[in-house]
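**Q** Relevant sequence annotations retrieved from Swiss-Prot are reproduced here:
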BINDING   13-19, 41-43, Arg301, 327-329, 405-407  GTP binding site
ACT_SITE  Asp14  active site, proton acceptor
BINDING   Asp14, Gly41  Mg(2+) binding site
BINDING   Asp14, Glu15, Gly16, Lys17, Asn39, Ala40, Gly41, His42, Thr126, Arg140, Gln220, Thr235, Arg299  IMP binding site
ACT_SITE  His42  active site, proton donor
BINDING   Thr295, Thr296, Thr297, Gly298, Arg299, Lys300, Arg301  substrate binding site
Amino acid sequence: MSKADLIIGSQWGDEGKGKIVDMLCANYDYVCRSGGGHNAGHTIWVDGVRYAMHLVPSGILHENIINIIGNGVVVNPDVLIAEMAQFKNLKGRFFISEKAHLNLEHHSLIDQAKERAKGDKAIGTTGKGIGPAYADKVNRTGHRVGELLNPEKLCENLMKEFDENAKFYDALNIKIPEKIAVFNELKRFKEFLAPYIANTTEMLWKALDENKKVLVEGAQGSLLDIDHGTYPYVTSSNTVASGACTGLGLAPKDIGEVIGIVKAYTTRVGNGAFPSEANDEWGEKMCQIGKEFGTTTGRKRRCGWFDAVCVKYSARLSGIDKFALMKLDVLDGFEKVKICTAYKLNGEIIDYFPCNLESVEPVYEEMDGWDSIKGVKKFSDLPENAQKYIKRIEELTNMRAGFISTSPERDDTIIL
């Protein structure tokens with residue numbers, strides 16, 4: 001019996017998980033998504049071509065791999081259908097859990113209306129309806145992908161719920177759709193998606209029993225976890241390693257190696273605490289060189305120095321075995337680089353991740369920078385200062401480096 005390996009974002013998302021998943025895919029039979037929705041963007045560069053995916057697992061670029069969207073994902077059928085249209089011959093190699101919840105148009109309208117109402121206190125969601133879809137799931141009023149197989153019944157249930165909540169929608173200035181429009185849309189969803197809806201939990205159990213190799217592609221980052229992240233500025237699902245179990249129907253003993261993905265610096269989209277944020281020329285330089293604009297929203301990402309305290313916390317939460325250091329080349333040419341090694345909280349130096357992260361000040365260690373590393377494929381060929389930087393990150397986070405990315409291209413990666 002085999003185990004499922006995990007790739008987990010260890011910061012606030014956008015770490016570069018897609019590249020590592022794509023690089024490792026050839027060694028696996030299955031690639032799965034276990035949580036999140038189309039708020040998460042996966043970007044892969046192959047032969048200079050950029051592929052941006054939001055729901056479909058990154059393994060879809062390999063025709064011999066079976067790709068699964070698990071029950072923990074909230075699925076927007078419109079987005080999924082448009083994304084699937086980019087790829088050929090999906091039947092038999094792409095499946096959606098019948099238990100995954102639907103993220104429909106009214107969810108995004110609610111999301112956007114609530115964010116507008118909060119004004120300057122807005123969380124900074126993507127406005128894609130992820131939170132409202134998960135809220136319906138927890139409230140036991142949501143609808144699942146399997147219900148698309150009976151669009152007549154699903155339409156009746158949705159219209160009944162719209163009527164029951166008419167005052168709520170009116171207060172948010174959201175117009176309730178006509179029944180015929182809802183039915184026609186659900187019918188279209190069924191016609192396109194029905195061949196791909198399956199009992200993916202049983203499928204994965206059988207795969208592991210048959211010693212197939214399974215890779216789970218995490219969405220977003222550990223610091224956005226609904227329980228362990230910088231609440232309330234978080235996402236609506238569990239993004240740490242344990243979320244893969246509930247999001248796919250796996251047992252803890254089914255989990256094998258856990259690989260954490262970290263950038264050589266730190267980024268964050270939206271509001272919330274960010275101790276090592278660099279609101280200066282260096283942060284702007286990271287943003288421009290690293291092309292730090294969201295795959296999903298196009299929003300400019302906030303940039304800052306590597307935060308070893310945050311990453312050490314993420315590593316412990318997910319039991320990370322080794323990490324992949326991404327975008328090291330973005331720091332090429334920096335005369336000095338910094339690492340946040342601790343925090344100052346109420347005058348005291350701490351080395352742990354507190355609940356009130358917004359109250360801390362960063363404590364930095366400064367190191368000498370390096371010249372270009374772009375395209376380097378051997379650790380020994382890296383400049384000495386770049387090697388020192390990596391080793392210092394290993395020491396501070398209690399993890400070992402397994403991969404070092406030296407450019408966006410798939411092959412420009414040092415494997416240790």
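These residue numbers are counts, starting from 1, taken along the chain as shown.
Cβ coordinates come from backbone N, Cα and C, glycine included.
In the displayed structure, how are the listed features positioned relative to their neighbours?
**A** According to DSSP, Gly41 (Mg(2+) binding site) is assigned to coil rather than to any helix or strand.
Asp14 (active site, proton acceptor) falls within neither a helix nor a strand when secondary structure is assigned with DSSP, and so counts as coil. The Cβ neighbour count for Asp14 (active site, proton acceptor), using a 10 Å radius and every protein chain shown, is 29.
Cβ contacts within 10 Å of Gly16 (GTP binding site), excluding its own Cβ and spanning all protein chains shown: 23.
Counting every protein chain shown, 25 other Cβ atoms lie within 10 Å of the Cβ of His42 (active site, proton donor).
For Lys300 (substrate binding site), applying a Cβ distance below 8 Å and a minimum sequence separation of six or more within one chain yields Cys287, Glu292, Phe293, Gly294.
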**Q** So among the binding-site residues Lys19, Arg301, who's got the most Cβ atoms within 10 Å?
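**A** Answer by Cβ density within 10 Å: Lys19.
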**Q** Using C-alpha atoms, which one of the binding-site residues Thr126, Gln220, Gly298 comes nearest to Gly13 (GTP binding site)?
**A** Gln220
**Q** Pick from Gly13, Gly41, Gly298: which of these binding-site residues has the biggest number of other Cβ atoms within 10 Å of its Cβ?
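**A** Per the Cβ count, the most surrounded site is Gly13.
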**Q** Distance between Lys19 (GTP binding site) and His42 (active site, proton donor) at the Cα atoms, whole Å?
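**A** Spelling it out, the Cα of Lys19 (GTP binding site) and the Cα of His42 (active site, proton donor) are 8 Å apart.
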**Q** Going by Cα-Cα distance, which of the recorded positions (Asp14, Gly16, Asn39, Leu328, Thr406) sits nearest to Arg301 (substrate binding site)?
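**A** Checked the recorded positions Asp14, Gly16, Asn39, Leu328, Thr406; minimum Cα distance to Arg301 (substrate binding site) goes to Asp14.
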**Q** Report, in whole Å, the straight Cα-to-Cα distance of Thr126 (IMP binding site) from Gly16 (GTP binding site).
**A** 19
